[in-house]
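Visitor: So that we are looking at the same thing, I have put the structure below in structure tokens.
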């Protein structure tokens, strides 16, 4: 197990053919051609694959279940006359030879939520193990298991509901290994001045995956049959594994293809931070740490809004805007595509402001979080009052997604600043709170919509915006960006 002294020793072991400033200049000139950016793009593909596998059942279930298709056709016919695109979609669905199941709404709800059943307890041990033993095999194994299980989903559905639920629970745990473990790699690969852009390039794959599966899912169901959603996206995940295992290494010191200049730049940039993971965890200090609680509260509140938007955007577009199945998928995907681009741009802007010393790191984190929360939540509040205009509604949803992406360069990566040594464990802890928010928020939204159909959407958006703003206020008061004392040295409070 390495220590801060070992890190400084490695710095001296690197050939001193140029000073640090020259190494930094060379590294900045390389830009997106560097190996650390290559790692970011590979993780982008991994996150893309994981999120397509998360969303595929949500799209496919409309074709898998008899009652779901029937009810959607009934609602469309009672609300307005069917269009040509609807007739085409219904005919192709009926012509498909893929099996159809008589699952009740209760079973459908269990199937859709079963992916999260194993996600509540898995993130913390996954992050801890990845931080101590290395993230390469944790992330790679998680991606491989999730992809293989995706390929077997149609067979599990034929075998019975119980087997399909078990498969999705295991798949959810495997996906947590990818989403949590990858942050342990950035502790060793991301220089502080590039931390925002590297993590946002990798994280933007989630938005791109959501966008593509919404666009392609309906078309695949109509033209090839619903099993091909699982075959295609499961196959993409397996292909990503063929890239991951031979090309990715846990740290730059062991990478055989990295240049001396880039290795020196990364190691020297991280030399001031004690990033080496330890077996012990300062649990008592963590519990008492207000900056950590600020991130936890902000995480929960921001994911409450995000979970609500992700779960109910297709429903809002289809029920309120009266869009057919094909248009609903395309319109639902637009905000996520805009968010994918702006996540990367936000990370580049944050690192530009930090490298040019325009703003301090804590100011950047709080400013990006404040703008992201206030605009994204504030613009959703008047959404029910502009339902008569499809273009205005879509503009509001896109703008909300664009500004919400700024939080990825704010509070959502702040844990890397305050405790890089424990990044894997903290990411796992934060994932737990995000899953809790993701489990509660859609349920509360469904309750509002069932109790008051006329004003239900107004209450949903008002509550989500209020919770998000409360989390912002807590973060602005107690948030910090300096490495905390409890993260600088080993303690004796074992995990």
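Quick reminder: no glycine exception, Cβ is built from N, Cα and C everywhere.
Sharing the feature lines straight out of TrEMBL:
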- 59-483: domain 'Major facilitator superfamily (MFS) profile' (DOMAIN)
- 198-220: transmembrane segment (TRANSMEM)
- 226-249: transmembrane segment (TRANSMEM)
- 290-313: transmembrane segment (TRANSMEM)
- 333-355: transmembrane segment (TRANSMEM)
- 367-386: transmembrane segment (TRANSMEM)
- 392-416: transmembrane segment (TRANSMEM)
- 428-449: transmembrane segment (TRANSMEM)
- 455-478: transmembrane segment (TRANSMEM)
Visitor: When only pairs 6 or more apart in sequence are counted, do the transmembrane segment (428-449) and the transmembrane segment (290-313) reach 3 or more Cβ pairs under 8 Å?
Guide: yes
Visitor: Please average pLDDT over the domain 'Major facilitator superfamily (MFS) profile' (59-483) for the predicted structure.
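Guide: For the domain 'Major facilitator superfamily (MFS) profile' (59-483), the model's average pLDDT rounds to 84.
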Visitor: Between the stretches 226-249, 290-313, 333-355, which wins on the count of C-beta pairs under 8 angstroms to the transmembrane segment (367-386)?
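Guide: Going through each listed stretch, the top one turns out to be 290-313.
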